[in-house]
């Protein structure tokens, strides 16, 4: 405390004071980087900067300084060299379009270039340009001193999670970095980002979240083509875009190619990718088509152009040519969906092309949604997957929105079509009858305008036939024979030349009366007559509809149009009229592609099938009626109907574009421009207008529980998806379960079985049930016929040469169909039996077109049904373990009475939602039309189709396959009669059960094997009354008491009945309020509760495990005198129910 300070102490205090004065000097980092040690002490006011200048450099420092100076000199020389080369550099706008072959697209698409720098190191670059690709390279970190750098060399590399720019990857000395900064004061220091430890976690999350584009060095393929093929390819608009398209696909995970129909997208892009090496390492190039015809035709065309038909295959619903040598595979979108169920990552494919995406079919929309999640996952593997969406319209928002592709932005490439200019002509006033207007417009074009094919768009087959009939009548094909015996067609160019020559050498004696021979150019049995389907309008009464059709309606039928435009010119050339619609046979559809007879003008009358699916050659004039016939489906009620609706603006533009394929054309729109402006821009996609049951089931089978959250390009209505889930739950394909307070519908074992079949779930269930009674062949036959469109020609569409012949033909066909199901047992199977017999008749006559048409069969639909039948047979044999494989029997015998009854019961179990009940006209004051039915789906009355074989019988309950609205009526098609008593047992999920009467005594139902009470039963929301039903009592202690009562009473096991009179207490003791006071009742009750035994089957299971189970408890109820007898008999099963081991472990 009182110690005196010495001189040394004072010196120490001075030293400490000086130390405090130089502490701030440590903060100057640049001094630390010089390599000299910092001061630790010294004299007061010491000048360290001056001492550093005069200090001698060590040998090591001199070497480092010399190295730095040499690098600076080298850098200056290289900068001068780069400055000289920059004079010969391409313009940046052209340079960005080229792709480097040395970097293999490791850079982002719009990577900034730094030509003024010698070297560029990796690091985060703050730019506004949006990056679509990322690679992560290590880079050197800055250290606080050179000594720390030498000590920690190799440990300070970091991984940058930002966008990187890499010109040359090599080790970089920090001295170079310092010199670059010092020598270039304009360098942005923010470009050099040092990762901090606290940023590591977030950067890792970014790496996982954002997909990367890995470009693989693929082996290019050289293809040798003929000169003709090369010339035809060069004429396509897309051919000049090969480099741009291939580079975009290489550098982007998803690419959208937009080009007009006919630009060559479908045939050329697969060849571009093939040559780029996308199939060089055993992977496939997959192309999906919405139609089977397109898949087959495109595969054949690409195979010819590549000169390698073995490497280009197709796979459609019923057939395919896929083999081990296949490299390019065309398929329908449904085929790829089924393949995705087995391999969700599509590991066999290197690229998937979705063609005709603008048509928005249900499967293509689901495929795009699935691939939008698969592509980012595959990008993290060694073999990434590319997705190419090809569309013919500019509606691209549906394919690029963020909900569909949240982690990336698809690259959009627009291909300009080599379209000739098309002049679009609107009507000043929209006509009321567009058919009459189309007829007038066709006549004026044919009579006044230059040559060129005419394409007329109408709504349906009825309009096609009506217009062709009038045009053929006005412009018939007339044959004349000249004096040399040569047959010529009147009006053709050759005929006119012959007339001129004949006029020069005319003589009076050559004149004589001749009658020209007039006949149709086509045969009488042209598919035009037979292909009509007036059932779209309806068939209230067959011949009445026929007369209405023949009489016609509007101006076109009464001759006013012909009178208004006058007679055609005498030398007018004939008009070669052809129909085109979807139900026309393939052979007759192909006639529009054949060469037009010489001297005639082609005129195609078509539905909207010619809008995008087919390109008709030579079309110069298009007449657009502005209407189309759509099949509208109510997702809630299930009612479908055909309705004539206005087209969309996109459809109108597609139709007009058909006129500009070969030369400048004209499009005549039979509506005003104001009406066109009122059209919707785009039609609703198919996924919004079709039942979603099959869609939901397929998504559930892929473990997609929340279908509502699926990334659809155009999301269906939530109510539509929920209704589909409810129907699937009632069908047994889904089951609802609650987890964490949330109710979810998950797929069941039955649902997984149904998802195997390419059918609606109700149809698939019908086949799944058929194996129980050896009805698989009959079930497959019936479902294949129900799955195709109209295998039977509607009676109202049949035609004869005269009205009398037509009436007789309708009568005979309807009589023949009723004869097919005249057998007593099969009659109630109704129209389903007619379909099965029709297939048998078609097999017998070998699907001969003429013979089938005589009995009212549509050959095209029956052939399609046979292919589906073969496919379903193969699926059953491959997927189901059966002792006897199902066979495609062409001589399948008709179902017997018992089989017909079983088939009707299967119909009830599978199609319960399509039940209808006949309205009792004697009940209620409202006047009800005869033959009216009511159904659970819609309000109002429905009726059986008059052409149905059960039309006259009017069963009380029927099940239909479809409701079709015809005029003011809703008609049920494919009707089958069912029994009322089956509903509560086979359609239990649709039944409503009343409350059990508390005063009613339960009984044991040996059929259901449960303790039951009788309750009232009603069906559906309309509460149709059904016979009373026995329902299980609540699962509580009283259920166990009553089961024990019936067990003691001998009602459960017949062998115990003889001991009932000998019981020490009546069995009713079990249900008394004081029963727990007796030991025997509690012992028996507790034993049953312990194993939860309330049925005969569950009790039998316990005896199979332990044959003495419940013996001790039962012996408490009987006298001791019968104990040994009961012990020998126990368990009281029938002899055939006992196993061999029973009796070895008896207790006596």
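From the backbone N, Cα and C atoms, a Cβ is placed for every residue, glycine too.
Of the candidate ranges 347-350, 351-354, 355-358, Swiss-Prot annotates residues 355-358 with the feature motif 'DEAH box'.
Of the given residue ranges 1-51, 205-255, Swiss-Prot assigns the label region 'Disordered' to 1-51. Through the fold, the motif 'DEAH box' (355-358) approaches residues 265-266, 287-290, 294, 364, 368, 389-393, 395, 399, 612, 650 of its own chain, all at least 6 residues removed from its boundaries and within a Cβ separation under 8 Å.
Fewest Cβ neighbours within 10 Å among the binding-site residues 261, 266: that distinction goes to 261. DSSP states for the motif 'DEAH box' (355-358), grouped as helix (H, G, I), strand (E, B) and coil, give 2 helix, 0 strand, 2 coil.
When pLDDT values are averaged over the domain 'Helicase C-terminal' (463-703), the model yields 71.
Summary for the binding-site residues 259, 262: the Cβ-based neighbour count within 10 Å is maximal at 259. Following the DSSP three-state reduction, the secondary structure of residue 260 (ATP binding site) is coil. Taking the Cβ of residue 265 (ATP binding site) as centre and 10 Å as the limit, one finds 26 other Cβ atoms among all the protein chains shown.
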